[in-house]
């Protein structure tokens, strides 16, 4: 039986085919992305540089001599490659288990195409089993948590974690996310929220799923 890491690697290696040469690209964060950076580094493909969403990804890119650039230095990105904690059939996602979802949304929005890579366990019919990360300003944490509680969620502070921007993460369990776009907007309207981990406005254009049968390329289904 194929292990989860092997499935992640299968998806990551397939994703290299979606990277155009001589362009700037965006790189996400997480264990599946670590496999992708390794595969890209070993592929021999030449890119102008990569905008990274985390220190860990930047360090790994440097190991493979892939130039890391700031988003402020480029006018746009050809493609953004990232993983997901959950992804549905419309390629809407929950992300942010690693706490980098604000940076990830910024870089995704600057990219012409979003390619999501994941193992098959992340492909779900409905979002919400994975707790939803919400980045909050520390002084508003209790206020935001009460609002999230009123929405039907069970907020829990991520103890000992601070985001790249110095904020806190509240992980919300039990939310009804049958309308991801509406829920994403509703949470972001709460004063004190910087960003939440629903990627509906910035849904993926392509999903590469690592399965027992190999890599499957999936496009959004709105039905």
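Including glycine, each Cβ sits where the backbone N, Cα and C put it.
Taken from Swiss-Prot, the feature active site, proton acceptor covers 104, and the record attributes it to sequence analysis. Listed in sequence order, the residues of the same chain lying 6 or more apart from residue 104 (active site, proton acceptor) and placing their CB within less than 8 Å of its CB are 28, 29, 53, 82, 95, 96, 199.
Annotation for residue 122 (substrate binding site): same-chain Cβ neighbours under 8 Å, separated by at least 6 residues, are 83, 84, 85, 86, 87, 209. Per Swiss-Prot, the feature substrate binding site maps to 29, 30, 31, 32, 82, 83, 84, 85, 95, 96, 97, 98, 122; the stated evidence is sequence analysis.
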Three-class DSSP secondary structure - residue 31 (substrate binding site): helix
Max CA-CA distance, Å, over listed substrate-binding residues 29, 30, 31, 32, 82, 83, 84, 85, 95, 96, 97, 98, 122: 16
Binding-site residues compared (29, 31) - highest count of Cβ atoms within 10 Å: 29
